[in-house]
Amino acid sequence: MGAITLQNVRKSFGDVEVIPGVDLEINEGEFVVFVGPSGCGKSTLLRLIAGLEDVTSGRILIDGQDVTDAGPAKRGLAMVFQSYALYPHMSVRKNIAFPLKMAKMPEAEQKARVDRAAKILNLDSYLDRRPGQLSGGQRQRVAIGRAIVREPAAFLFDEPLSNLDAALRVNMRVEISDLHNKLKTTMIYVTHDQVEAMTMADKIVVLRAGRIEQVGSPLDLYNSPANRFVGGFIGSPNMNFIEGEAARRMGAHSIGVRPEHWRMSTTEGAFPGTVGVAEHLGSDTLLHVELDSGENVIARAEGEFPVHHGDKIWLTPQDGRVYKFREDGLAA
Amino acid sequence: MATRQTQSLAKIMRAPAIILLLIWMIVPLGMTLYYSFLNYNLLNPTQTSWAGWFNYQYFYTDPAFWDSIWNTLILVLGVLCITVVGGILIALLIDKPIFGQGIVRILVISPFFVMPPVAALIWKNMIMHPSYGVFADVAQFLGMAPVDWFAQYPLFSIILIVAWQWLPFATLILLTALQSLDGEQMEAAEMDGASALSRFIYLTLPHMSRAITVVILIQTIFLLSIYAEILVTTNGGPGNASTNLTYLIYRAARLNFDIGGAAAGGIIAVVLANIVAIFLMRAVGKNLD
Ligand SMILES: Nc1ncnc2c1ncn2[C@@H]1O[C@H](COP(=O)(O)OP(=O)(O)O)[C@@H](O)[C@H]1O
Ligand SMILES: [Mg+2]
């Protein structure tokens, strides 16, 4: 249960084409992350899969069955919304039990399932509260609880962590990954945060302007980005791009070097430059360097690297860690 | 208003308004109370004397009294039912994006701007009249005998007219409530397998409960004192069939010139209004928290 196939799915709102055509294969049990900048159509794609929007053309299959024209309830998917979308007039217990009640499940079974979900999500002591009396993280868990009691074919998450503070976000990230390991159900997770994508995904789908730029495992995308956009989007801090003479010498329109792939030296190297801001984080050091050729790049050294504002520095890309891109942006 | 200082400041700032309102209320109430214990008839205004509880006894033993209490309650309840249910339905309809939405909304709201006696007269002479009303035409077209509404169903006719007037108010308040309903909640419920009816019962209605309460409370205040519509249509008749408490008081004061009796009726009306208010606050007041 839970293999999803999109065949040439297109979506327009009036004259505006938001998804110009997407083909995608999601395998059973996979954790798939849709990632891309804000407004690129991630939510729209997710809502198409959920059945909350009608496709303009194309087909959507779940476990081989064409559900393109099926309503959201018929698709057997559960969704966790960015706003949580809890029912404010119901207690946590009733919120979680709501889909079961709608399915006319016997009371005893409902209770058993709600209790099980509450245990998994550490919600036992909040079951009688209203959503308004819970913190953001707890509401998030209730929303997830409401999704898991249904035992859906797949979970859909739309930026579920974006309303949480940074520390909680890290926790919930781990919890959701844990949940996936436990349930082994297909999950589709939408985020604009590449860190979430890298840490959680089995398979990342990078979207730009409604088009799929690349599909692959996190390390695939990291090690061999298909184009300059993916290269720049995946990895933190972002990849540095150098154009012009230096790139031409390597036979490319532009080259990309990740901050962690520079060798640094205070005496010699390929690219001389001047240290701007030096961020000493202890575990590593981030250097903002202005190259003599004019580009601003970021370099990252493990541990400490004793340079300061205004110091002269030479950067050299590590062997085999230079990404070459053609003029049209594709990897060369 | 967190600190003690701002609290007492707030009290002082509020005081003039509250005192003014209090005087505004207390003076007429006190005068009514005073008159209700006097023998005071406008046919003989110089001959006033202390009446004790006589006015109350007289008003209470009037054969029309209990009828009028019942009519008042039925009128209030009937109009509330029609306007709340109708208001919800119309609000649901005009909340959907439809062609000519703006015009439809203005049309729906317009009855509120028609003055009560005018509205009642139009209903009486152009819609419900047994020989040249619209209803009579419809009945004739269907081959039935026209109904003489004000003779056969006087109270119901008045309920219909008043409900027509208050429907826009209820619709407007309920529509605003409906528009503040979170769309994602609805979508979540849809994914949870809730039918349109279940979504209405479990999400829309609870969401609107506060607005419904406001509609009920505000309308009750005005519905307890319906008067103009009765005056221009049935005159409280036939018999006492459409006489409510307000109209009974009017009869005492303006037809019998009995100020003392009317004042006693007024005090009884105040008591009735308070009973209704207590009952309502018990029933729906918790929605306002
Ligand atoms: N209901 C809608 N009507 C018109 N345009 C929409 C609608 N929903 C989304 N869009 C447009 O589609 C584009 C993609 O939106 P969305 O899928 O929400 O992006 P993302 O979730 O990636 O930030 C945006 O440009 C947005 O303005
Ligand atoms: Mg979005």
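Heads up, residue numbers simply count up from 1 along the chain you see.
Note that Cβ sites are derived from N, Cα and C of the backbone, with glycine treated the same way.
No curator has checked TrEMBL annotations; they are predicted automatically.
Features of the protein shown, as given by TrEMBL:
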TRANSMEM  B:12-37  transmembrane segment
TRANSMEM  B:69-94  transmembrane segment
DOMAIN    B:69-280  domain 'ABC transmembrane type-1'
TRANSMEM  B:106-123  transmembrane segment
TRANSMEM  B:153-178  transmembrane segment
TRANSMEM  B:208-228  transmembrane segment
TRANSMEM  B:259-281  transmembrane segment
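Cβ atoms under 8 Å from those of the transmembrane segment (B:153-178) belong to residues 71, 74-75, 78-79, 82-84, 86-88, 90-92, 94-95, 108-112, 114, 116, 119-120, 123, 128, 147, 204, 207-208, 210-212, 214-215, 218-219, 222-223, 226, 229-230, 233-234, 237-238, 241-242 of the same chain, restricted to positions at least 6 beyond its ends. Cβ atoms under 8 Å from those of the transmembrane segment (B:259-281) belong to residues 29, 32-42, 51, 55-56, 58-60, 69, 72-73, 76, 216-217, 220-221, 224-225, 245-246, 248-250, 252-253 of the same chain, restricted to positions at least 6 beyond its ends.
Outside the transmembrane segment (B:208-228) by six or more residues, the chain places 72, 75-76, 79-80, 83-84, 87-88, 116-117, 120, 158, 162, 166, 169-170, 173-174, 176-178, 244-247, 250, 269, 272-273, 276-277, 280, 284-285, 287-288 with a CB less than 8 A from a CB of the stretch.
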